[in-house]
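Taking it in order: structure first as structure tokens, then the write-up.
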Amino acid sequence: MNPQRGQYLNKAAVLSPLGAARLSQLALGCSVVAMVTHSAGYSGGSYGVFCMAVWCACFTVTTVVFFLDATHLHACLPVSWDNLTVAFAALATLMYVTASVVYPVYFVTAECPYAGCEVRNFRIAVTVCSIAATLAYGAEVILSRAKPGRVVGYMATVSGLLKVVQGFVACIIFGALGNGSEYTRHAATIFCVAVYAACFAMTTVVVILTVSGRTGCLKLPFDRFVVVYTLLAVLLYLSASVVWPVFCFDKKYGSPERPSSCPRGRCPWDSKVVVAVFSFVNLTLYIADLVYSQRIRFITQQPRV
């Protein structure tokens, strides 16, 4: 009799807090997609399509993650499984937060729409389930993150999780830039866009190297690379956070107040404000990342002393 028989399935994928979190994600994600498809609806512009895309994508990837974890097939993949799953859980949390805010703002009203109260009630239920799924993904991040005395992958550390948030915030900035921000008017604002793109590209490279387990391909220690890159990103974002508001809101180059004739939803001034605000947000995230990256470097070097 084969002693390995009966061990092909991973019981911990179900009978563990992490497994319970993923099962909750699947149940809530399936409920959201089913209710939106059945009656709640998502038509009405790009916002509804975005929310539906988030829910479908997260449900699909979660299904694949759960299946691979339950069958141990993830061992056949050329990736760092722990880094991949915690990175996805962090990204899914942020995406679900966005969808849980956008959907009720544009689709839930206090009064019953022309289609009747049933549609409104379904949309309220969608919002509740989406918020609950956000908590489920957040629970996975908490369960997977680094703890004292526990060896985990880089993406489970505070610095690794901040990389995911930085990339997400950069995507918000790019969305605002593409929504009529008029950044091509000045060379200085073009420089800011180059800063956002360069930092986003490097952050993406760090995440890809970590998830793929290829950090050893670098010619210098990974912890030193992260610290040097993060310091450079702090300096670049600091310059962009100063230059962008000056060339967008100073009277000499732009308008310090919102024009009264500016259309809602397609106002260049609004897009410029979004870029300015989230530039400071990402600057703060990179500063925090620098502090924690230096701490990780100190801990990894401490045993050599």
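Including glycine, each Cβ sits where the backbone N, Cα and C put it.
Nobody curates TrEMBL annotations by hand; they come from automatic prediction.
Look at TrEMBL and you will find 13-149 (among others) tagged as domain 'MARVEL'.
Cβ atoms under 8 Å from those of the transmembrane segment (47-68) belong to residues 13, 22-23, 25-26, 29-30, 32-33, 36, 41, 74, 77, 85, 88, 92, 95-96, 98-99, 102-103, 106-107, 130, 133, 137 of the same chain, restricted to positions at least 6 beyond its ends. Annotation comment: TrEMBL describes 47-68 (among others) as transmembrane segment.
The feature transmembrane segment is assigned by TrEMBL to 80-102 (among others). Non-local neighbours of the transmembrane segment (80-102) in the same chain are 25, 47, 50-51, 54-55, 57-58, 61-62, 65, 69, 74, 127, 130-131, 133-134, 137-138, 140-141, 144-145, 152-156, 160-161, 164-165, 168, 207, 210-213; each lies 6+ residues outside the stretch with a CB under 8 Å from one of its CB atoms.
The transmembrane segment feature in TrEMBL is assigned to 122-139 (among others). Within the chain carrying the transmembrane segment (122-139), a Cβ under 8 angstroms from the stretch's Cβ atoms is held by residues 17, 21-22, 24-25, 28-29, 31-32, 35-36, 38-41, 55, 58, 89, 92-93, 96-97, 99-100, 103-104, 107-108, all 6 or more beyond its ends.
Outside the transmembrane segment (151-176), and at least 6 residues removed from its termini, the chain residues within Cβ reach (under 8 Å) are 80, 82-84, 86-87, 90-91, 94-95, 141, 144-145, 196, 199-200, 203-204, 206-207, 210-211, 215, 222, 226, 271-272, 274-275, 278-279, 281-282, 285-286, 288-289, 292-293, 296. Marked as transmembrane segment by TrEMBL: 151-176 (among others).
DSSP states for the domain 'MARVEL' (154-298), grouped as helix (H, G, I), strand (E, B) and coil, give 113 helix, 0 strand, 32 coil. According to TrEMBL, the domain 'MARVEL' annotation covers 154-298 (among others).
Annotation source TrEMBL lists transmembrane segment at 188-213 (among others). Here the transmembrane segment (188-213) has Cβ contacts under 8 Å with residues 78-80, 83-84, 87, 153-155, 160, 163-164, 166-167, 170-171, 173-174, 177, 222, 226, 229, 233, 236-237, 239-240, 243-244, 246-248, 275, 279, 282, 286 of the same chain, all six or more residues outside its ends.
Positions annotated as transmembrane segment by TrEMBL: 225-247 (among others). Within its own chain, the transmembrane segment (225-247) has Cβ neighbours under 8 Å at 159, 186, 188-189, 191-192, 195-196, 198-199, 202-203, 206, 218, 253-254, 272, 275-276, 279-280, 282-283, 286-287, 289-290, 293-294, 296-297, counting only residues six or more beyond its boundaries.
Annotation comment: TrEMBL describes 273-292 (among others) as transmembrane segment. If you look at the transmembrane segment (273-292), the same-chain residues 6 or more away from its ends with a CB under 8 A from one of its CBs are 157-159, 162-163, 165-166, 169-170, 172-173, 176-177, 181, 183, 192, 196, 199, 227, 230-231, 233-234, 237-238, 240-241, 244-245, 248-249.
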